[in-house]
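Q: Got a structure for you, written out below as structure tokens; questions coming shortly.
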């Protein structure tokens, strides 16, 4: 209606090959969830890492981050939180029981005093008051026991918070490791194809080589920070002996994890088949065009095989591969019943579980970006960024990541990256640096939203458990944000330079710069003629 883009240019934005790459990841995730493979993987990892709180937090973070590389961050968090709650209840019992008892005692005392009534000493209290002063040592022992209980209660509360807060953080960090892990990564890929059609540097394999080491380093530092802050690692008491309560609690937790794993039963044929196809899905995406060596796509006509083609080709197998082990006798037995075999995934199940609204949201982002490009808005904004042209590129990376990380605390990750990517592309051309040098930190910075419950759906899910306060997230998330910004800056100035050739101003950006200059001239001419 505004005369910016005709519908024949808007509609294709909703079905770019980037959307189909995302769709293939979502369908694979549906099959994994359908046969409980993700739960088996999670429980197996927790059995391997052990049940000490710091180790369990590490196990939770590793599992959640691995799952969020392939499932959505929200689904990974929603799946892991019930497992965490079951383990915590086995470690500590119900969290609020002792607090409720203390609160009830305080209320009783207050009501008695308010009604001018005083509690009558019990027989034991009366007898105790008449005892000699020789019992002072016993009183000290009793007071020590009370203080120990208070310390145990405080320890329990902190560990509970550490568990719950580590899961959404790990989901947000893990989602950055793959292109299909989170929506902003795919929006970057789509907008690169729109703004710089000649750019072929970013694909599934090259992104993984850059983002996976960054994810591992950040995950390890985040685990250390959460464990130290919430008492999972006690820096002062490495050699202190564990209390019997904690030893018993850890034994119960070990049993809960083992029991949950045993409930899954033996590994089914369907789980094995999905695991094999999942590995094929990942390996074929990594090896299609890894850049440092020729990929398998070089065996075919250039330009026809993309990441989306690879993902969809593997996912289609799910719809006809049998979920029961096929019998070869059936072919030779004429009397065998002609029963229909259930596939690993039905289309009805895929329809129910795939979040189609996210695919439409991605399409809306691509359409908005195309509108910004065609109307000249992104070029116009880029022309207003003269003050930033004197900033050294490494400083610009840190500033951009800080601004976007703060912005995304209050706005959705998808909306933030849709707004900022066109601006970053134009700013990079003004600074004469590789556009990826600014666009990649902006994209990953969108996922570093740790400080508020409203920042991301995983944060909201963890906060809704009722055991976390806003100040807990703000205190923990502030240092997480700072670590994220610094690690991202380190990555962009070290191994990312060789992976994405960030040291030079590429030819594909030059072509866009020339087109942008002519478009800016046209926009200025239209403005002057209107005046």
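We count from 1, first residue shown onward.
Yeah, the Cβs are placed from backbone N, Cα and C, and that goes for glycine too.
Whatever TrEMBL says is automated annotation, not expert-curated.
Quick caveat, the model's predicted, so the values are computed rather than measured.
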Q: Of the ranges 331-351, 436-456, which one does TrEMBL flag as transmembrane segment?
A: 436-456
Q: Which of 163-187, 207-233, 269-287, 436-456 has the most Cβ pairs closer than 8 Å to the transmembrane segment (299-321)?
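A: Ranked by Cβ pairs under 8 Å, first place goes to 269-287.
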Q: Do the transmembrane segment (436-456) and the transmembrane segment (163-187) come together with 3 or more C-beta pairs under 8 Å, pairs six or more apart in sequence?
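A: Between the transmembrane segment (163-187) and the transmembrane segment (436-456), which are separate recorded stretches, there is contact, as judged by 3 or more close Cβ pairs.
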Q: Look over the recorded stretches 41-62, 163-187, 269-287 and say which has the most C-beta pairs under 8 A to the transmembrane segment (476-496).
A: 163-187
Q: Take a look at 41-62, 207-233, 269-287, 354-371, 391-424 and tell me which one has the most Cβ pairs under 8 Å to the transmembrane segment (163-187).
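A: Between the candidates 41-62, 207-233, 269-287, 354-371, 391-424, the best contact partner of the transmembrane segment (163-187) is 207-233.
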